[in-house]
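Working notes, structure below.
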Amino acid sequence: MAALQRFPLSKGWSFKDSEDKSEDAWMPVPVVPSVVQQDLQANNKLKDPYIGFNELETRWVNEKSWTYKTTFQKPAVPAGSAIFLAFDGLDTFATVKLDGNVILESDNMFLAHRLDVTKALEAEGDHSLEIDFDCAFLRAKELRKQDSKHNWASFNGDPSRLSVRKSQYHWGWDWGPVLMTAGIWREVRLEVYTARVADLWTDVQLASDHQNAQITAFAEVESVNSDAHKARFTLSLHGQELGREEVSVSEDGSAKVSFDVKSPSLWWPHGYGDATLYEVSVSLVKDQDEVHQVSKKFGIRTAEVVQQPDKHGKSFFFRVNGVDIFCGGSCWIPADNYLPSVTADRYRKWIELMVHGRQVMIRVWGGGNYEDDSFYDACDELGVLVWQDFMFGCGNYPTWPNLLESIRKESVYNVRRLRHHPSIVVWVGNNEDYQVQESAGLTYDFEDKNPENWLKTDFPARYIYEKILPEVVEEYSPSTFYHPGSPWGDGKTTSDPTVGDMHQWNVWHGTQEKYQIFDTLGGRFNSEFGMEAFPHMSTIDYFVENEADKFPQSHVLDFHNKADGHERRIATYLVENLRTATDLETHVYLTQVVQAETMMFGYRGWRRQWGDERHCGGALLWQLNDCWPTISWAIVDYFLRPKPAFYAVARVLNPIAVGVRREHHDWSVTHAQPPKTSKFELWVASSLQKEVQGTVELRFLSINTGLEVRERIVHENVSIVPNGTTNLIVDGLIDYKVHPEPHVLAVRIWVNGELVARDVDWPQPFKYLDLSNRGLEVKLVSESENEQTLLLSAQKPVKCLVFEEREGVRISDSAIDIVPGDEQRVTIKGMKPGDAPLKYKFLGQ
């Protein structure tokens, strides 16, 4: 009996403008998967849209239809076998012709297709495969015209996008270009087999004492005939077989077995334990011959969202294996506009950065796509929790019957595809669609529980989020929590801070509050918040070609910042807080300081609130990454170069973090006067699961001289509350009559004799401070073939020492505050002897 054979159709393709009938219209495609812009660039028909104003010169592609074709030779077909043509992803309106005959019409980018082409390929020899990709941009506009009664309320992009099941950011977003891709964006192949394992998944039941786990493995088998098959299941850990069992495949194509695992090794998010992965495999056997084999890795763990009434309202936090997890992390957008260009290695580097930054959760945002398997594999292996949105974003989606059916198929396919990943702990119905409902005044009666009524309102999309999607998750991944939207909380106003999750945009957007009070603006789980910053100069040098354009307000820089009102917002936060500059390099740095400070103030306070009966369950900043070289809210740019905010967040998310802050008086109000006194607070946050003892030292250091202006405070043998907050000082007082000199509050904490964390509180705003002549010393103290260690010291307090980010180089820490009497070490990996030292910059330099 022949085993399943795969024949990828990745080479030999050509493509053309569908309307171009000339003989020389066809152009070669280097490799499939691809999208049309990649292929046009490869043929020198399109400039790089990521550079300068080139995006505008590529817009013509958005309004074209494209045809791809190839020929292939029919593979040998053993007796009793069939040939299938499999598409893992077609973007988006695709008509597939085999030897001139239409065999598939697809209108959903997020679906895979498998077609039995045995009869169509009866003839030996070469066969033609042609795919027409109709213009999604124009089709969307036509679909919108056909339903004039629907309220097409939306944020970002053309509202017609709501009619098409395609990545919504392709229509342009407030951080990305308008690039309407089309093409074979995931693998296409031929498969020859008599039978195959169509799906393999597990149900994990973990005993409450974690001493035993029952693993039930399920296989779904597809066969081209009625032959009987056996399914041989194997369970293993780190390559060592733990169990094996063989069963007959039932007439309906199903097979299942159960394994008992004693003293299982659990899957944990990083920082809490090992991300242990078991492997289950199933071999499909006929007459002792293996015809197909599939393996999947999975984790033994429990995960839940805890929502309980408390003094703050109703909690919203994650609990894994019985341990409450403060979910500090980021939101994720697609890593490129050309999705096929994102390799497994590139995905892994992004997730490695998450771990390096001590971030424990990543939110896959609903305007992008259900990511490649390699993305989730990396999260599984490295212990990063995934908050997974369904692909609906910022709009009131129509609910035509054919569209609802497509959405149901899409959600079933993707939940089934991803359900074995232990990293995925929540499925969420949409991004900000309930905010669109509020903004547009659409009907939403939470007390009306009749789904058929929802379809009759001007907010019919509720039917998707509160009926279709929860039903799919319940059927195919019942152990995974489902949340109707982000933000959403029990049908209340999406800005309600007492319930559910919230997107807090009153820093930057909205009322543009001071970032120093960010922590007072949060809710039970802050799943979006952000502050823009320019990327590093090396990234700007990539997309700004002309030196004459390298000034802060240049047209090309404005063009690469898609956020509405970005200039006045950046200007406001700069002018309120810092001494501004007109040269681009300093301007870039100053925006990065503001972003780093904003993230620090938010995260630091919200993590502290975790210890107050889980007042804040987590914080996911907007956003981790970029889809092109740009100016945005990302804390790591398109080229994986971290901005200073990345390091600021990492320090606050240290397993033990110490915090100090004084009361900051608003200096921008009428008749603002210097305060006579300020209160200050001191605390320790810990994610450790056991109590430890520590020593905490607080010093008061003059910014002008570096000397201590008052007696230091030392707390010895402090019992640090596990997985919570230890408040040491809640009513400290600074009397500026007694200590008028501007000074910082510098705190350190030692555990078991090791210095584990620092924090420095500065007078606000920085623009009032003289930060010249700091006496900074950056000394190389050790060097090996691939690593350097720097020793940092200063005679006076230094604010935000930022190192140059260089390709292939990883820095242990940056955006560092340095105070006298506290030397710090920074490790730099990827630096070789003889390499030029990393440049650096600090405030007031």
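Glycine is treated like the rest: Cβ placed from N, Cα and C.
Feature annotations, reproduced from Swiss-Prot:
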type     : residues : note
ACT_SITE : Glu432   : active site, proton donor
CARBOHYD : Asn717   : N-linked glycosylation site
CARBOHYD : Asn723   : N-linked glycosylation site
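Here Asn723 (N-linked glycosylation site) is positioned 18 angstrom away from Asn717 (N-linked glycosylation site), judged by their C-alpha atoms. It is 31 Å from the Cα atom of the residue listed as 'active site, proton donor' to that of Asn723 (N-linked glycosylation site). A simple way to gauge crowding: the CB of Glu432 (active site, proton donor) has 26 other CB atoms within 10 angstroms, across all the protein chains here. Compared over the glycosylation sites Asn717, Asn723, the count of CB atoms lying within 10 A of a residue's CB peaks at Asn723. Secondary structure at Asn717 (N-linked glycosylation site), as computed by DSSP, is strand.
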